[in-house]
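One structure is given below, encoded as structure tokens.
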């Protein structure tokens, strides 16, 4: 029965596109009212609004918006806003074709390593249930776009289509600094894969493909440097503290954080299963050429990102490593499918382990990657309800302090042309708008507990928003 269903859905290119379109549209309908979240406020609304209100093609941004990344995503949003209007609906609509493309490329990637559509479907579902990946589907974010082009490029190598590889690299190279690092990962995989296949490693055709594919990246970087005089950071950059080379102690701390990112939100079950599986069946596993290719993709794809993450003070985001999360999950599925008799039971446990990773909520004094889990979903409606409460009780927004990612104009989150902005927290504000997703420091939390009283509290599932009022002396 399941085999017939999988063949019906996935046995032709047309059916696959229809199936993945259905999934993408369903996600769009569910998430279309979600406000812009986390640091996407910069890359989406702020940069998009700047290009929309000035010139779509002036990609050299003012310093307060210039985090060194190409403003590609803001550019795409601005185009959609010109056509469909500046609102959340049109912004989420932009994500639909890239989500469809990502689903298609992921299934094609999985299908390369597995024997049947049914196996590929179950592997596909296990991959997309990862909390960090699934969270990206409901965000207005460039993440899915660069994941789409990355796997487009990798599939072009696996299926030996040089023209499509050039097209994929051409667009992948201009999304962000991290997407440029992913381009390097594609190149590294390509040359090592050719070596392993006993092919000529460096050829004119290979070099030409990467030269053409990197033209957008180098064009932007050169233009940026000639105009600004810097590439990645400068003394007056708002993000200067994130771009400094770290000490040995901080490096070791970053290593621990990196390991945590791979184990967080239920991925610990995937990693443990892989370790046990490779210890038990490693010799058999590595007899397969395709399995070796998967390991190679896992390592090479994010090598540059890992090195950069460990070497600088920039916070290490969960989403930076989604490519390797996907490879790890596929690796776990291949081990399960190849060597274990009780496939359904183990698959169910791994699936539930990842799905319930969205329920992992840390104590409020431990920071959490809220943009990397579906646990944050209730926040959107709670935030609007809390703002409505402030309005109904005649509490001016400008007199209410708040924190990242809410410390911006209402328009930058809701795209509703409401330019009111919350105040910055200074320990003396009469009102404070707080949520447990704000990752406050211990000192800030202690000040709220000691100097403020709860005026109103809103909660849904594991998310809370609290309106505090300053205690009178």
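In case you wondered, yes, glycine gets a Cβ from its N, Cα and C as well.
Feature list (source: TrEMBL):
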| type | residues | note |
| --- | --- | --- |
| TRANSMEM | 73-100 | transmembrane segment |
| TRANSMEM | 112-129 | transmembrane segment |
| TRANSMEM | 166-187 | transmembrane segment |
| TRANSMEM | 207-226 | transmembrane segment |
| TRANSMEM | 262-282 | transmembrane segment |
| TRANSMEM | 294-313 | transmembrane segment |
| TRANSMEM | 320-339 | transmembrane segment |
| TRANSMEM | 345-362 | transmembrane segment |
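Below 8 angstroms of C-beta separation, residues 59-60, 68, 70, 162, 165-166, 168-174, 180, 183, 187 of the same chain, each at least six residues beyond the ends of the transmembrane segment (207-226), sit close to that stretch. Contact between the transmembrane segment (166-187) and the transmembrane segment (345-362) is not supported, since fewer than 3 Cβ pairs fall under 8 Å when only residues 6 or more apart in sequence are counted. Same-chain neighbours of the transmembrane segment (73-100): 17, 20-21, 23-25, 27-28, 31-36, 43-52, 56, 59, 137, 140-142, 144-145, 148, 175-176, 414-417, counting only residues six or more beyond its ends whose CB sits under 8 Å from a CB of the stretch.
Away from its own ends, the transmembrane segment (320-339) comes close to residues 106, 109-110, 113-114, 119, 122-123, 126-127, 130, 132-133, 136, 143, 147, 150, 178, 182, 185, 261-262, 267, 270-271, 273-274, 277-278, 280-281, 284-285, 291, 294-295, 297-298, 301-302, 305-306, 309, 346-347, 350, 354 of its chain (Cβ-Cβ under 8 Å, at least six residues beyond either end). Here the transmembrane segment (112-129) has long-range neighbours at 2-3, 6-7, 9-11, 103, 106, 137, 155, 158-159, 290-291, 294, 326, 329-330, 332-334, 337, 347, 350-351, 354-355, meaning same-chain residues at least 6 beyond its ends whose C-beta is under 8 angstroms from one of its own. Beyond the ends of the transmembrane segment (294-313), by six or more residues, the same chain brings 113, 150, 154, 178, 181-182, 184-186, 188-189, 192-193, 196, 241-246, 250-251, 254-255, 258, 320-321, 323-324, 327-328, 330-331, 334 to within a C-beta distance below 8 angstroms of the stretch.
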